[in-house]
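Take a look at the structure set out below.
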């Protein structure tokens with residue numbers, strides 16, 4: 001299944017973030033997070 005650790009964005013079976021609609025870039029964490 002889809003796994004998005006620590007709210008990071010993941011792509012699995014045509015969906016981002018285990019069902020989240022989109023992702024945004026977090027400068028503070030230096031990674032993309034689920035929105």
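Note: Cβ is positioned from N, Cα and C throughout, glycine not excepted.
The disulfide bond annotation in Swiss-Prot covers 2-18 (among others).
Its own atom aside, the Cβ of residue 23 (disulfide bond) has 19 Cβ atoms within 10 angstroms in the protein chains shown. If you look up Swiss-Prot, you'll see 9-23 (among others) marked as disulfide bond.
Taking all protein chains in view, 18 other C-beta atoms sit within 10 angstroms of the C-beta of residue 34 (disulfide bond). Annotated disulfide bond per Swiss-Prot: 17-34 (among others), in sequence order.
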| request: Provide, as an integer number of angstrom, the distance between the C-alpha atoms of residue 9 (disulfide bond) and residue 34 (disulfide bond). | output: 5
| If you measure residue 23 (disulfide bond) to residue 34 (disulfide bond) at Cα, how many Å is it? | 5
| query | What does DSSP call residue 9 (disulfide bond) in the simple three-state scheme? | reply | coil
